[in-house]
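*Asks:* Sharing a structure here in structure tokens format.
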């Protein structure tokens, strides 16, 4: 084969390649295009694989660390369903890079003649599960905001829920529009490029909705924490943990939402839903473990009891144990005062607070001399100490 002299600026990695259209006419592409397609496919596969592993791990942890009586709560059911559907979504999305839709020739000239029906069905299913996951995320966020606002004034709570629900419906509407258009264009074997603004709008509205929910959630808990500190109850407990995780739920998805608009990392757009799905139950798991190990109690607190009862691994006998502990404390205080009596002007004065007494084998004699009393104090000695 004869060799040809190459120009000085020739770059082998960007050399042109001549290919043919289905009608026989030729077109020119470059090696660089195939290299960029290879890199993007590899990164997309890594992202999908990481999402599958993280979602599956947290789903197992959620079932293992949640008590059986809490598995019937609405928060657990929604979070578990969100993780399960997101797992299926990521598995279906990972099949895209091995399907005929990702064939270099099909992607280069947008000719999807050889695409199989199975690959089309997988793509449509992945889009559908994306919509389902978005709906579950908004329901979970709405339910958690409702719980933390349950002690708010009814008018304020109604305004908050109306605003958040409206924002969630807008986000779900944009996501539904994207899924419907993408499904229609996929089944018609047409490119989605003319409707790229719909995908952009779904990303923006979803990000705004997550920020809005998380701001209300963290503000309400942050305000409650400030009030607790004013009441001299600064211990680190489940409420502080949920506040921290709420901030993370707001900040970390926001970072990835901003990164998805960078042309260098377009695959980050699919990570936002997974991160929110992971952080929502993760905060409940962490707070539940801390709730079981915390030893300091601060008395009745409706907000803290409500959050613990709704989200976390409250021990089944925690209320009984707390009541029993308070009862024993009251008894010890009563016993420390002692059931004593003194003689004053011929009238015997008895302690006003009743206390449990054990049967005494013997009693006092007329001279106030103790004979085998359990507490080891005579009435005369007790009157001097009180």
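A Cβ is built for glycine as well, from the same backbone N, Cα and C atoms used for every other residue.
According to TrEMBL, the record shows the following:
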{"type": "REGION", "residues": "349-386", "note": "region 'Disordered'"}
{"type": "TRANSMEM", "residues": "46-65", "note": "transmembrane segment"}
{"type": "TRANSMEM", "residues": "77-102", "note": "transmembrane segment"}
{"type": "TRANSMEM", "residues": "122-147", "note": "transmembrane segment"}
{"type": "TRANSMEM", "residues": "159-181", "note": "transmembrane segment"}
{"type": "TRANSMEM", "residues": "201-221", "note": "transmembrane segment"}
{"type": "TRANSMEM", "residues": "241-262", "note": "transmembrane segment"}
{"type": "TRANSMEM", "residues": "268-289", "note": "transmembrane segment"}
*Asks:* Give me the stretch from 46-65, 77-102, 159-181, 201-221 with the greatest number of Cβ pairs under 8 Å to the transmembrane segment (122-147).
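*Replies:* Looking only at 46-65, 77-102, 159-181, 201-221, the most contacts with the transmembrane segment (122-147) come from 77-102.
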*Asks:* The transmembrane segment (46-65): which same-chain residues, six or more beyond its ends, come within Cβ distance under 8 Å?
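*Replies:* Residues 71, 76, 79-80, 83-84, 86-87, 90-91, 93-94, 97, 267-268, 270-271, 274, 277-278, 281-282, 285, 288-289, 313.
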